[in-house]
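Engineer: Quick paste of what Swiss-Prot says about this protein:
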- G44, P45, S46, G47, C48, G49, K50, T51: ATP binding site (BINDING)
- 12-242: domain 'ABC transporter' (DOMAIN)
Amino acid sequence: MNASTTSKKPVIQLKGLNKSFDGKQIIAGLDLNVNDGEFLTILGPSGCGKTTVLRLIAGFENSDAGQVIIANKDVTQVPAEQRHVNTVFQSYALFPHMTVFENVAFGLRMQKVSESEIEPRVMDALRMVQLDKFAPRKPHQLSGGQQQRVAIARAVVNKPKVLLLDESLSALDYKLRKQMQLELKQLQRKLGITFIFVTHDQEEALSMSDRIIVMRDGNIEQDGSPREIYEEPTNLFVARFIGEINVFDATVKERLDEKRIMAEVEGRTAQIHCELAVKTGDKLKVLLRPEDIRLEEINNDEHAKGIIGYVRERTYKGMTLDSVIELESGMSVMVSEFFNEDDPDVDHSLNQKVAVTWVESWEVVLADEQEA
């Protein structure tokens, strides 16, 4: 649960936060630093506490214990309207009777900003989200993506130190969501404002974030860059939650050198990279992403290195061919190969006998643990 160790200055510090609802603890002793100008995503399954963290930062909920510090000021007891943060909700929460301009100007008017200053600031914010020509329209005259942008313009117009986004893209269709992911990231870079984004969508988190926090049961399971989270999961929960992954049972046979061991993986002997302190007989988990696995067809009882299995399912997805391989042990393995129509070995036949292999050192090795 340690905050990221970076030289950047934190704009938000959460120290020992606890929060319970109806006697059930949702957040347990949470510590987190969020750096100035960072795009941080809090990722986790429903009920993990991610939205509660956002609400504690915004001031919509009060913590039972701990501190919320924003820009070096303890705001734990400060009401939401006096914190330098704005929130974009999943529902957008636009005022239906107001025009786009009036929606964006609302917060400035509440702050008693002079009318001469309001118009240029609102139009600047609308230009930033490419909606300046829509200023006279009402929300019902806009598409879902345009309403989303109005909500963002309204949130950034009064220049908050931090922008909080709670599942803000989940109501959009797939194509629009992908477009908004790109636009949000570009907007964040342009503004230099710290964004804290809450989602359960792993792909969204990987594509948008500078840093990801993976949560479970009110605790931080892993804190790292998107690449670290995907390629170097610290436990089975993170590995299974982020994308697809194959988990093989392995038993240590002997250590070969500081970095490699010989192990029995699903009944076949293989060299694997493992820097854990292990001894002969120890149980391990060997993790491989579907795209890291290679298949070699076995014909005419020829000898092949690898774990033996049979092609049970094939799904053509344009760029990739996804296969399900049933190993001799009964385990199912997911494989994703780039589809090359000129390669006769890629388009495997159903029930084809294959050897499952991978490039040495691409595997992630974890100590055996209870299934997450």
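Every residue gets a Cβ built from N, Cα and C, even glycine.
Not measured: the values here are computed from a predicted model.
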Engineer: For G47 (ATP binding site), just count the other CB atoms lying within 10 A of its CB, please.
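Structural biologist: Its Cβ shell of radius 10 Å holds 12 other Cβ atoms.
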Engineer: Would you mind pulling the DSSP three-state label for K50 (ATP binding site)?
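Structural biologist: The three-state answer is helix.
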Engineer: Does DSSP give P45 (ATP binding site) helix, strand or coil?
Structural biologist: coil
Engineer: Suppose the ATP site is G44, P45, S46, G47, C48, G49, K50, T51. Which further residues of the same chain have a Cβ inside 8 angstroms of that site's Cβ centroid?
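Structural biologist: Residues close to the ATP site, other than G44, P45, S46, G47, C48, G49, K50, T51: H200, M215, R216.
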Engineer: Including all protein chains displayed, how many Cβ atoms other than that of G49 (ATP binding site) lie within 10 Å of its Cβ?
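Structural biologist: The answer is 23 other Cβ atoms.
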Engineer: Given a separation of at least six residues and a C-beta threshold under 8 Å, show me what packs close to T51 (ATP binding site) in the same chain.
Structural biologist: D166, E167, V198
Engineer: When you measure from the Cβ of S46 (ATP binding site), which residues in the chain that are at least 6 apart have a Cβ under 8 Å away?
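Structural biologist: Those within reach of S46 (ATP binding site), by Cβ under 8 Å and sequence separation of 6 or more, are H200.
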